[in-house]
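Undergrad: First, the structure itself, so that you have it in front of you.
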Amino acid sequence: MQKNIPSISCSPFPASRKIYQQSPLFSDVQVPLREISLTDGSAEKSLNIYDTSGPYTDNDIIIDITNGLPAISLPWLSKRADTEPYPARPVKPEDNGLLYDKTPPPAFKQKRPILRAKNGKAITQMAYARAGIITAEMEYVAIRENEGLTVKDQPKAQPDKICNGSIPEIYTAEFVRNEIACGRAIIPHNINHPECEPMIIGRNFRVKINANIGNSAVTSSMAEEVDKMVWAIRWGADTVMDLSTGRNIHNIREWIIRNSPVPIGTVPLYQALEKVQGIAENLTWDIFRDTLIEQAEQGVDYFTIHAGLRLPFIPLTIDRITGIVSRGGSIMAKWCLHHHKESFLYEHFDEICDIARTYDISLSLGDGLRPGSIADANDEAQFAELKTLGELTKVAWAKDVQVMIEGPGHVPMHKIKENMEQQLDLCHEAPFYTLGPLTTDIAPGYDHITSAIGAAMIGWFGTAMLCYVTPKEHLGLPDKNDVKTGVITYKIAAHAADLAKGLPRAQLRDNALSRARFDFRWYDQFNLSLDPETACAFHDETMPKEAHKLVHFCSMCGPKFCSMRISHDIRDTVHRKIKDEGMVAMAEKYQKNGDLYIDVSPPQKKIVNH
């Protein structure tokens, strides 16, 4: 993997450029795609692909992280006229974990209005969808999922496909609206994150992946924190969760959100815990509520809320091998046992939904009782919580709040499908968002692989988003190379699931790369791959010269034993044989008929007398 990485990763991919697809419905909607150019003379058209990297790979845009990214969704909000600016909650020292620190961290200087819904109005994408309104965000994600393909290029989705929620041949804004109205998909997009490029999470769309980042114990600059996010989205992360703890949380998050073109998620409980010096028993609803509003005003797009962990479920974990492995779950379990009462997240869930509704924040209902070992998979505690998450989903939907459900964890292959079936049944088809799952526990250092196996399977079965796992899982904090490895590993899993689901256009990139491989177009092979730099570097290790990029063999087989070169020879031989046989057949026909021109007049019809 790449070792020397610039502070902000802004360069475009090889043979690629950013293009923008204009919406036919909204004049102010232009959807970014990545166009990969292929070798001249190959008779191959350039390929447009889904792109998560934002403006950072656009050569025409100057990146200045002190100013943040363009606020692309502000015109859409202005036209809808159902939001209003208001005085923001003042930043407190404890927001940054600075109770005893006299030196504040650098704050993001560029200020903008803080927005909220007018007069308690529901301004969520679910509310619009249920009202039959197609928003700019819905049109945006439809174009994005199609990779620029338009309705005229493919048949329209059949109405019955929209009704039963299956995958259409082409995505339309109406299909997107229907999926959101049914709760099968969400567009996580806080109105206070106008820099975000809308994306959709749902099982009838591309499988998405999330990358987790967090502040280091020693941070050199805010640029370093922003670059963690930029690095993750460069390699394909569809969303990023900021799991920072300790000091500077508020300011770090502000820098990340202002510079992020993808949705940002958090676990608000982590910051709330910092405000009580890490003592779980001292947490209160008021502190947690204040933290939600703080993050909502900054623009966090989705909250992980561990509201499904209830007091009666805690004893169900006693006989587990690994107990409660969720950090948020263990915090709330400790609080519940100390106070011997239901979680304040469960008891105040209605109010949490009111806050989410005000800013269009999606709720990711956390699996605090997920299994942390394959021995604990699919147990009573896990499914008791899942049932509760289904009940909470209906509470959120009643307030037009978008919801997805978090899932395991550690699950052996033969138990994965049951997880998906239970989730669809108990949680009413809300999108599923899983961590892997890891399919075995014997491979520390390789858990990106053990989990990608489960991720590909559960993505095929219907999971909408996969949370990546890096090689450092269970061992330590991932560095940038680990993040890249984790993201690409999960892009492979997600793409494999898309192929198995029969997603429109999913196989086009595979086919283009396969043709390039068969034609020995080495640079096209590199440029079409998920990681062009590594593919090219591996080829350079044994065939480093520029002339080697033109040869019709690789170092694995050599010139005499290359199967594809032999296949070319076989194909040429067969074509010559067919051509020769055709000429012989024509000659025989000529000799038989004695004429160069063969009579092709239709035979006379027989007349039948009745």
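A Cβ is built for glycine as well, from the same backbone N, Cα and C atoms used for every other residue.
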Undergrad: Which one of these stretches, 41-61, 83-103, 146-166, shows up in Swiss-Prot as region 'Disordered'?
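TA: Spelled out, Swiss-Prot records region 'Disordered' over residues 83-103, not the other listed ranges.
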Undergrad: Swiss-Prot has Asn212, Met241, Tyr270, Ser326, Arg327, Gly328, Asp367, Gly368, Leu369, Arg370, Glu406, Tyr433 binding substrate. Which one of His189, His193, His306 is in the same site?
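TA: Same substrate site in Swiss-Prot: His306.
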Undergrad: Could you work out which of the binding-site residues (Arg370, His410, His474) has its C-beta surrounded by the smallest number of other C-beta atoms within 10 A?
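TA: Ranked by other Cβ atoms within 10 Å, the binding-site residues Arg370, His410, His474 bottom out at His474.
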Undergrad: Using only the residues recorded as binding substrate (Asn212, Met241, Tyr270, His306, Ser326, Arg327, Gly328, Asp367, Gly368, Leu369, Arg370, Glu406, Tyr433), report the maximum Cα-Cα distance in Å, whole number please.
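TA: Result: 20 Å between the two most distant Cα atoms.
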Undergrad: Using C-alpha positions only, work out which of the binding-site residues Tyr270, Ser326, Gly328, Tyr433 is nearest to His474 (Zn(2+) binding site).
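TA: When the Cα distances are compared, Ser326 comes out closest.
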Undergrad: Among the binding-site residues Gly328, Gly368, which residue has the fewest other Cβ atoms within 10 Å of its own Cβ?
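TA: Each of the binding-site residues Gly328, Gly368 was scored by Cβ atoms within 10 Å; lowest is Gly328.
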Undergrad: Could you say which of the binding-site residues Tyr270, Tyr433 has its Cβ with the most other Cβ atoms inside 10 Å?
TA: Tyr433
Undergrad: For the C-alpha pair, I'd like the distance in angstrom between Asn212 (substrate binding site) and His410 (Zn(2+) binding site), rounded off.
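TA: A Cα-Cα distance of 18 Å.
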